[in-house]
Amino acid sequence: MTAYLITNVSVVGAAPTDLLIRDGVVAETGVGLSAPEATVLDGTGLVALPGLVDLHTHLREPGREDAETVESGSRAAALGGYTAVCAMANTSPVADTAGVVEQVWRLGREAGLVDVQPIGAVTVGLAGERLAELGAMADSAARVRIFSDDGHCVADPKLMRRALEYVKAFDGIIAQHAEEPRLTEGAQMHEGEVSTRLGLTGWPAVAEEAIIARDVLLAEHVGSRLHVCHVSTAGSVEVLRHAKARGVRVTAEVTPHHLLLTDVKAETYDPVFKVNPPLRTDADVAALRAALAEGVIDIVATDHAPHAVEDKECEWAYARPGMLGLETALSIALDVLGPQWDLIAERMSRAPARIAGLDSHGLDPAPGVPANLTLVDPAARRTIEPAELASRSRNTPYARMTLPGRIVATFLRGEPTVLDGKAVK
Ligand code: DOR
């Protein structure tokens, strides 16, 4: 194992220091360290963060390896500064058995670029009718703790209650895609002034808010942990604030795109901006940013949703919803939050690691801590070229935008996965 000495680096925004990485851990920190056997990386001007953790990634394997594989998605994640990702269950076959979650977990280990923690489906085939084998997935080698039908809502309240009850036994979490399906039939974009003008069927904010309201009450009733995926409206923030004040065990995520983009993008009719939940309004964006700063929303999660060209470069109505996120998330966070490094570390690493129970992640670089970390150059600016992304798909909404920040290096258990901004393998 090679040792690395990162010199003169700011750890989560603090005064510059040296970091010695050896045998998979941060061996030492301090000014003027010397380690003749180590490879020296000049960290001047760079910020070291605990490796980012994504609670919401679509890796598409098994089933749609043309759009992404565990390996290509892992590489995209490492290049984005991530050391762990939670892989959503809406693959083909669905990750609703111990066999499939173990397959995804094993593929993640083989790729060896980030820790891939599979999420299991709540219901068989994401069909919303029968509970999947939650216990078998929890007991499997993948040790699943988060369950989600993401892409679909667990709409049946009785099934949702049963799922919350079931996972309580092992302190599991139900991660809900909050979308009342009857209120979003045929929906193409956010319901509002823009959808009226464009003549597209709208997805009303209340379809999200009604499910979150119901689920926080169910979680309170059962005493279980609920996580709300991709919160997108100001009204959802108010429901979450109320629930947290009551002590409900609820956590919530917001995506980079919901922090930056609005429904006005639909005016282009470019399906790259079609996503579920849809891009909302300026007022929603402002409320989401405030909630993230305040902690009503706990984390930023990418909802990295790669789609093949034929599923995206078509008419808006036929395009699949979703956008890439892993390789741009830190830049968007930096753009939206500014250089608030402690807040960025909390919302993109420590808190998601805590929620997912990934104990060796989300720890600030300090002596004895597993060396899962990333180095960011906050002064760099880069223009996003879809063709240069490591993802197998090209559906980034930030094409040709110039964004702040660049990931210079990422380390997983002391081994670099990214050096000088390039993937090591
Ligand atoms: O836009 C989305 N795409 N939202 C989801 O909930 C699912 C995801 C996907 O799997 O493509």
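A Cβ is built for glycine as well, from the same backbone N, Cα and C atoms used for every other residue.
What TrEMBL says about a protein is an automatic prediction, not a curated fact.
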Site-mate of D150, H230 for Zn(2+) 2 in TrEMBL, selected among H177, H242, H257: H177
Matching residue for the Zn(2+) 1 site, where TrEMBL names H56, H58, D150 - out of D298, D303, D311: D303
Cβ-centroid neighbourhood (8 Å) of the Zn(2+) 2 site, D150, H177, H230 excluded: H56, M88, S148, G151, A175, Q176, A178, E179, C229, N276, P277, D303
H58 (Zn(2+) 1 binding site) and H307 (substrate binding site), Cα-Cα, nearest whole angstrom: 10
N276 (substrate binding site): nearby binding-site residues from H56, H58, H230, Cα cut-off 10 Å: H230
For H56 (Zn(2+) 1 binding site), the three-state class that DSSP assigns: strand
Rounded inter-Cα distance in Å - R60 (substrate binding site), D150 (Zn(2+) 1 binding site): 13
